[in-house]
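Novice: Sharing a structure here in structure tokens format.
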Amino acid sequence: MTRLLVVETSPRGNYSISRNMTRGFVAEWQAAHSDGEVTTRDLMETDLQFIGAPWLQAYFTPSEQHSPEMKAELALSDELVGELLACDHLVVATLVYNYNVPAALKAWIDSIVRKGMTLGFDGKGLVTGKKATVLMASGGVYTEGSPIRDRDIATQYLRLVLGVIGIADVTVVAGGGAKAVDMRETTMEDFIETLQPAIEAAAA
């Protein structure tokens, strides 16, 4: 069975462009993988805390020495890592805030980059044999030829992090210019339609 893991980050529900991109992707993916299984991790519905001192203490303590409190501290991180390792295809659906990923996605990343689980002690990624698709909605346009292409920190960051943990096969579907929907210069449906060929190709 082929498994898809979808990580959602937008707080905007049905008004979210990245979530609408996800809907199109999942529909195409399910059509191509009739026996596939989809798991959705909605970061807006996950009590994901930023890393603090108790988490770090648990992280740097050998597992056989973990107290019940330490185990509880890492429980959600363990769950998120398990979801990632179980999937064949990872989808990260995200918006862009000030040129980079939102805080919730950064918190998810900090929870899944784990030495001995997703990253070897030699620095080599352990999440191999998988592919990833990034569905990104941004107000600005950062694709090839854009005068502000160098501001595309979000794409560079996600490619870097995914590569570090071992996922080299990364496709980015860039929904640049998404502010046109909020400014009512275009409709959500028309905007998503322009991205549909890229979404279909990524889901194949």
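Glycine is treated like the rest: Cβ placed from N, Cα and C.
Swiss-Prot feature annotations, pasted as is:
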type	residues	note
BINDING	Ser10, Ser16, Ile17, Ser18	FMN binding site
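Could you place these features in context, so I can see how deep they sit and what lies close by?
Specialist: If you draw a 10 Å sphere around the CB of Ser18 (FMN binding site), it holds 23 other CB atoms from the protein chains shown. A helical conformation is recorded for Ser18 (FMN binding site) in the three-state DSSP classification.
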Novice: Determine, for the FMN site, the additional residues of the same chain whose CB lies within 8 Å of the mean position of the CB atoms of Ser10, Ser16, Ile17, Ser18; present them in sequence order.
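Specialist: Surrounding the site, in chain order, are Thr9, Arg12, Tyr15, Arg19, Asn20, Met21, Thr22, Ala93, Thr94, Leu95, Ala137.
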Novice: Quick one: give me the count of other CB atoms within 10 A of the CB of Ile17 (FMN binding site).
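Specialist: The Cβ of Ile17 (FMN binding site) has 26 Cβ neighbours within 10 Å.
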Novice: Return one of helix, strand or coil for Ser10 (FMN binding site), based on DSSP.
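Specialist: Reduced to three states, the DSSP call for Ser10 (FMN binding site) is coil.
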Novice: Sequence gap of 6 or more, C-beta under 8 Å: which same-chain residues meet both conditions with respect to Ser16 (FMN binding site)?
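Specialist: Correct list: Ser10, Leu95, Ala137.
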